[in-house]
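Colleague: Can you read through this structure? Questions will come right after.
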């Protein structure tokens, strides 16, 4: 396998970006009616829901149930469904596994015997109870419910070393229980080192209203980079060199080998004249994707569980950890169409050995054949996501009242191949989670936990994140926050990712660039290379919440901090039953680690530069 050091990476950055979907050798005439077709036909019936009140329909997706619709403030009110959805996720590992593109991997980890686990589905307002059984041979685990706010349930966030001890291997188990206070599309994944890169991921669909009408819900469509080596080995390699390109890209678990033609293209069935909702999820460890469907536009209706006003695009940048719900109007001639992935930003935001990763969107009645039109190259998004989406549920701030507070600076920098936040690479303690400090009233937190204490009830907190302005080389980062959506008040000027033009936030110039009038709101946003990002969230959800880069190698290398929000309120919110479950799980883990574990902890303990500083309001 080829690995690039930083020097080699820089030398290759100006190579042309990958272009468009093209058939792998020897695939012409192959029967492309894959199991995805059947799965998604059933999804068209299962997903979407009816809201209990029967008002949600193809001609009125804005309605949900009596008293609840697209304009309801879901942070203040949630339907009382009286339902609990129960799931069981069993984690296992397999040796010498034949992958989707025919290449044998010496080890994979699975959820319910699949590298993409079952979809967790519920209606807005349901409780969800998930039993996780860890049958891995030597790894602990914890499962994080990405993007779910966990309002008043921080203890269910699923982050080992923060909200819990890991679940021990060889049969250890844990029951997570939380309420679906939001709706839309997300995913779950392991938060134990880089473990999710070995296959421990799965979609989440919370049925609810939508900002535009559609006929068919196609269900979740996860996309991920795919490596023939294990994530564990890749983490160790990235501690000494730049990351390798992915070996392939999976579309809903399917892929074609770029040279042998082994495997299958994922296929999605469209009905002529119908509008289809597709739930896009980037579950990668490193690759960001530019997506386009030949001869079709996409209308965005949701970004990271935040419903937005319909926004039409011809192509879409999907960063690691991000989700978009889009509507595709099947208004073209009956036929087969390439759904293409390309890599922009001079490959600063990902690369693959498969130069033409693609899936097939097939109209009902079309022949089972490869598409013939490769389409045209989409615009290069330069590793930047959309920042002009308008949320349906509005949040606005007066940006003129923002003042910098340099006393709350949180520098995040690259030191060799170690990422440091506030001068420290986060290194959580599996045996003593931060929540244990909170439960016992111990405020002597470890420096390596990178804790920023945040107080004040329902106050807006502002954070300016600057991307390694003093370093010689900088990369874009998908910044993800647990427990909250954040308002994107501004970012540095759009430039090419390769330019490495330095942009340090200058209040005299950049205050005018800020937008507080219902700006884009989400839980994962791109921090430009050598640039800045200014975000805000409200202190309405007590918890210890990670903010981290969602590139697995970077968070594994330390790029993360914790916002400990309203610690005393957090302590008071935890029930005796949850506290007992927490202690029982930690006792089980400590009986295993480190004395009975065959391997030491060799990274931050999470999935495994930049400055962040708090900005306060003037009074």
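Note: Cβ is positioned from N, Cα and C throughout, glycine not excepted.
The structure displayed is predicted, hence computed values, not measured ones.
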Colleague: Quick check: of 257, 548, 554, which does Swiss-Prot put in the same Cu cation 3 site as 191, 482?
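Modeller: Same Cu cation 3 site in Swiss-Prot: 548.
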Colleague: Can you pick which of 381, 477, 480 Swiss-Prot lists for the same Cu cation 4 site as 549, 554?
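Modeller: Of the residues offered, the record points to 477.
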Colleague: For the Cu cation 2 site, Swiss-Prot lists 189, 550; sort out which one of 146, 149 goes with them.
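Modeller: When Swiss-Prot describes the Cu cation 2 site, the candidate it includes is 146.
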Colleague: Sorry to bug you, but what's the C-alpha spacing from residue 295 (N-linked glycosylation site) to residue 144 (Cu cation 1 binding site), rounded to the closest Å?
Modeller: 37
Colleague: Could you give the number of helix, strand and coil residues in the domain 'Plastocyanin-like 1' (84-207) as assigned by DSSP?
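Modeller: When I sort the residues of the domain 'Plastocyanin-like 1' (84-207) into the three classes, I find 7 helix, 66 strand, 51 coil.
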Colleague: For the C-alpha pair, I'd like the distance in angstrom between residue 63 (disulfide bond) and residue 189 (Cu cation 2 binding site), rounded off.
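Modeller: Cα-Cα, rounded: 31 Å.
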Colleague: A 10 Å Cβ contact count, applied to the glycosylation sites 282, 295, 340, 444: which residue has the minimum?
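Modeller: Comparing Cβ neighbours within 10 Å for the glycosylation sites 282, 295, 340, 444, 444 has the fewest.
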Colleague: Find the shortest Cα-Cα separation between residue 189 (Cu cation 2 binding site) and the recorded positions 295, 444, 480, and name the residue that gives it.
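Modeller: Given the candidates 295, 444, 480, the nearest one is 480.
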Colleague: Counting across all protein chains present, how many other Cβ atoms fall within 10 Å of the Cβ of residue 165 (disulfide bond)?
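Modeller: The Cβ of residue 165 (disulfide bond) has 28 Cβ neighbours within 10 Å.
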